[in-house]
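Some features that TrEMBL has for this protein:
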TRANSMEM  111-130  transmembrane segment
DOMAIN    115-395  domain 'ABC transmembrane type-1'
TRANSMEM  150-171  transmembrane segment
TRANSMEM  224-246  transmembrane segment
TRANSMEM  252-272  transmembrane segment
TRANSMEM  337-358  transmembrane segment
DOMAIN    427-651  domain 'ABC transporter'
TRANSMEM  683-704  transmembrane segment
DOMAIN    703-977  domain 'ABC transmembrane type-1'
TRANSMEM  747-768  transmembrane segment
TRANSMEM  845-865  transmembrane segment
TRANSMEM  936-956  transmembrane segment
DOMAIN    1023-1257  domain 'ABC transporter'
Amino acid sequence: MMVAALRGGGGSSYELLPPLSQKKCSPEESASFFSKITYSWYSRIITLGYKKPLEREDLFELNESDSPYTVCPNFEKHWRKELLKATKGLKKGSFQKPSLLYPLWQTFRFLLIKVAVLKVAADILAFMSPQIMKEMITLFENHSDLHWKGYGYAIALLVVVVLQTLVHQLYQRFNMLTAVKIKTAAVGLIYKKALSLANSSRRKYTTGEIVNLMSADAQQLMELTINLNLLWSAPFQILMAIVFLWQELGPSVLAGVAVLVLVIPINAFVAAKVKQLRKSQMKNTDQRVKLLNEILHGIKILKLYAWEPSYQKKVVEIREHEIDVLKSSGYLTTFSMLTLACIPFMVSLATFGVYFLLDEENVLTATKVFTSISLFNILRLPLFDLPTVISAIAQTKVSLSRLEDFLYSEDLDPQDIDTNYSGNHAVGFIGASFRWEKTGPSILNNLNMKIPEGSLVAVVGQVGSGKSSLLSAILGEMNKFEGTVQRKGSVAYVSQQAWIQNSILQENILFGSGLNRPYYERVLEACALPPDLEQLPNGDQTEIGERGVNISVGQKQRVNLARAVYSNADLYLLDDPLSAVDVHVGKHLFEKLIGPSGLLKNKTRILVTHNLTLLPQTDVIIVMEDGRIAHMGTYQELLSERANFAELLQVFSAENKSEETSQMKSDSSFEQTKAFSMKKENVATGSVIILKYLQAFGWLWVWLTLAAYLGQNAIAVGQNLWLSTWSAEEEKNKDYTEWKHLRNNKLGFYGFLGFIQGLLVCCGAYVVTRGSLCASRTLHNHMLANVLHLPLQYFETNPVGQIINRFTKDMFIVDLRFHYYLRTWLNCTLDVIGTILVIMSVSPLFILVVILLGYLYFIIQRYYIASSRQIRRLAGASHSPVISHFSETLLGLSTIRAFGHQERFIRQNKDVVNENLVCFYNNVIANRWLAVRLEFLGNLMVFFAALFAVLAGNTVNSSTVGLSISYALNITQSLNFWVRKACEIETNGVSIERVCEYEKMDKEAPWIMSKRPPMGWPNKGIIEFINYQARYRTDLDLALQDVSFQTHSKEKVGIVGRTGAGKSTLTNCLFRIIERAGGKIIIDGIDISTIGLHDLRGNLNIIPQDPVLFSGTLQSNLDPFGKYSDQELWEAVELCDLKNFVQSLPKKLLHEISEGGENLSVGQRQLVCLARALLRKTKILILDEATASVDMETDNLVQSTIRREFHNCTVLTIAHRLHTIMDSERVLVLGSGRIIEFDTPHNLLLQQGVFSKMVSEAGITQNTNNPKMLFFLNLNAGNAPGMCG
């Protein structure tokens, strides 16, 4: 069985892995029993990791039963049953929202029971140690023969603690694996659900929110599972402790129980508050991730418009809301820690106090004191864990509710389309009406049509008339509320905005199909791709970046077309694919692919287009108007029967508007294609420096934290020494009358020490909270600023998922985890030091054991950290592809569903999740390997503490022995925690490293420099290139070579050239997206390299090729800085022919734009971008395919608007439709990065050079009556002279 799996950081760069039989399978199955329980079988990986940084290939694979290929189907089976039950309940009128808990229990119940049994065994063993210690102290109290009994008890103590270690580590292992299986099941279900979401649900859940469900909410499920057994284990341990304490202190233990009962409402209050905070935190995080996702996808627009500060401010504002919630949560934690720190001492104080009050003859012997203290120490953990698990339940309840809402949201209804139709037409509509949402307005009304098989159908109409919606209705993407839709055969869909996967070009075309080389070559030829492949560094094996960033729009669209053609479907839905390619390529595509003699001539083709010159060659024409089919018939029928259709064509011709989009698309990223391929996420190696975190934390808070924790640990040791001295004195003192007076003072001082400790704990928690908030704010804001200052090329060569991962998972570690690890490590360090000092005060020889075991600890830690750190890094690197693949899938949802490839993408999702799980599994085993060895060394310390006490015989008193052994019993846990937290700091420090890594990367030039241009610059708009040279990377050839030219003030210059000529490179250089390699650019007397980027970009104007909008209001998309009045905004909207549309919206300019502007058509988005440019009113404008996505009537209006509103500006037009530059004053022709021709259009045509040839290929001829009106097209010709889409 071949398994596709993701390697590295690409979103979906898959390569075939070897068969499972050849993978590096785990040797655990063949290991001995001893090797299994001690994890010795894993030592080879630990040793290998010490010798060299581990790589993915070094790690052992998952067992088949633990892999997502097994876990996900099992869980989905039980979820379907739950959905069925809910559906039946709805029919009976007793609807109850389906719950995730029951399917989770049904799927994982045997594992959960197994984990619970192991937990019971570990808890029982934990209580045996204090009982053995009690017997030992009794021996010393009675001055019995210590030797054989003493040695026996010491050995028994060793056996019990070793057994406890082995059972506890088995529990930890299976607990972690069960938890991650539950997360895997949830992630698989979320992904599968995302593939079937109805459009109404997609509008409700943005990409960022769905990704957050997968990363944050599924993670919360996992964290609850890890702590789940504490829900019953903590009360069980508390109950057992109380039973044993009753044996020692009798009814007085009820006073301690009363204190515990008083704490329960406090924990309940804290849990309720945490639940509220969790809800608001998740909303804030969703908002931040959503905005960051949009910023990173639209980063080019932000940079061209110099809008980074505005959007940076928006992210920081949302982040401040998150910080406020973290602050409240931190203060609750401070309060919680105060109660938790005070509980053990308050319980012991109340118990000892009542013990004396019940009977004045009661004496606190060493046996009673230290057995009680050991039991109180055991009591601390469940008391600490109980509020944690209550809080986790509260948080998980929120996450469960969010997940259940998402999983029960509306799906596409497959019954909307009759795909089993077997008649003689390919597509049929019978009285069909559609809307995007069930409760939304009608978009398409009363559609009636039948499309014959094998026909070529053109769909035309104005912007917003419903052309793309018609294709969506055929695909089943819209909600049908009346009528019938019939569709025959398989479907291939080419979306208006090309969707490209982050994988090699060939895989984008094959799209999961096998390679049929002859047919593949024919497809490439028909799609005009061979010339492009020759220029790519690795031909069709070149890796295409995320969202196709390293190829041009035209190339993306042709790859999109090739994917559709290679699928060899029956029905082709083509949403204006020819608007993105240059003239000769467009002609080639229509003749060789789409047209009557093309490769698809026997297929049914429905082509949405604005290019009316194609209409004579189509079989059927559908004219859309306001969501209705206004006209339908052949070209000749419509021309003769429909007066308004003929009038449209005549107006079109009379206005000399070439319906052929004579695009001279530069395929702008060709230079970039040579320069870049998508980078895989780096897996860092070496030590992690924590200094950055402490600097962000604040040195004042660091020193205050140290002081608070040193103080509280010193007080804790003092309390136990006080009890030891007290019990020793009480044994000797026989005058009870005198002792009664002293006892109250002793008890009061013990209480005072406890109060001081609680105060210091509270102070410690407070300063840690304040410091961690400073660190969270500083690290996030610095990272955001560093990312926004990165050059555009970085975003074109690194997956967005990789960057988002820094802002989500890594910042989650910084916000909630890292300060906890540091605090715990510090506490454990001080605890270990105190413990060793106490034991050495009793048995000085213990120093020898400390030295020997300390050396072994050091060796084990060195070996473990080297491996664990690298495994954690591999896990971090393997997590980014999960997010990238998820985001990529959501962006291409319509395409995936149209091709029917949902199951293949579900399999790919399992592949990337499996890669991440392999790293997680190895990390869990590595942790168990460490824990067994550390606890065994700690167990030896317990044994030697007991042994030395026996060897000392009657030279030490019972209270000293009790103090020594009780501390020794505690050191196993403290040492284990100490090394574990040190390792956690090392491994989670990777997140700090990843957050800070952007600091070291090369940045753009400063946004603002000391030299600033004068106000009103540029005032003339004179652009001068002087011997200008540019390259995309230092090791590549020049993309522009010795370019020299000068524009006049207010001159209109067209820029044309074939693929790879350097047209878009010229634009990039003007905005300093690419810095110079030589020469200079002067604008109105100022060398642009001497001023800040924002002073430059903010004073230039561009209407970009891709119409990128951001979620928010229409007003914020037009004016993010709030510079313009409402009147100015309305004027701009009116000039772009959007006024009627905006006035029809309920909220007018405050209309909410959905993510990516999806609730506007592509044409409307392009008009909004034009409105932006009209508002800026600068002296230089660059037009880059400003009207490619609008109909010709709107195009006519837009072009006249541009001529009128920008008549006082210098305008550089990158020519995509040749008619847009025919009335330019001069035309610049580029080739291979050099200027080939530069003159007036008339003179260039007379020269019969490159430009003249381009015009000829476009089917444009000169009007001899008016040389300035240079083109004319015969629309009534039976065979259009050239397709220029």
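Every residue, even glycine, has its Cβ placed from backbone N, Cα and C.
Note: TrEMBL annotation is automatic and uncurated.
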Which stretch from 115-395, 703-977, 1023-1257 shares the most C-beta pairs under 8 Å with the domain 'ABC transporter' (427-651)?
1023-1257
Where does the mean pLDDT land for the domain 'ABC transporter' (427-651)?
84
With a Cβ cut-off under 8 Å, give me the same-chain residues at least six positions beyond the ends of the transmembrane segment (747-768) that come close to it.
330-331, 333-334, 337-338, 341-342, 345-346, 349, 352-353, 356, 701, 704-705, 708-709, 711-712, 715-716, 718-719, 722-723, 726, 819, 823
Tertiary contacts of the transmembrane segment (936-956) (same chain, 6+ residues out, Cβ under 8 Å):
129, 136, 140, 143, 146-147, 150-151, 153-155, 157-158, 161-162, 165, 839, 842-843, 845-846, 849-850, 853, 856-857, 860, 964-965, 967-969, 971-973, 975-976
What stretch of 224-246, 337-358, 845-865 shows the most Cβ pairs under 8 Å to the transmembrane segment (252-272)?
337-358
Contact set, same chain, for the transmembrane segment (845-865): CB under 8 Å, 6 or more residues outside the stretch:
46-47, 49-50, 836, 839, 926, 929-930, 933-934, 937, 940-941, 944-945, 948, 975, 979, 982-983, 986-987
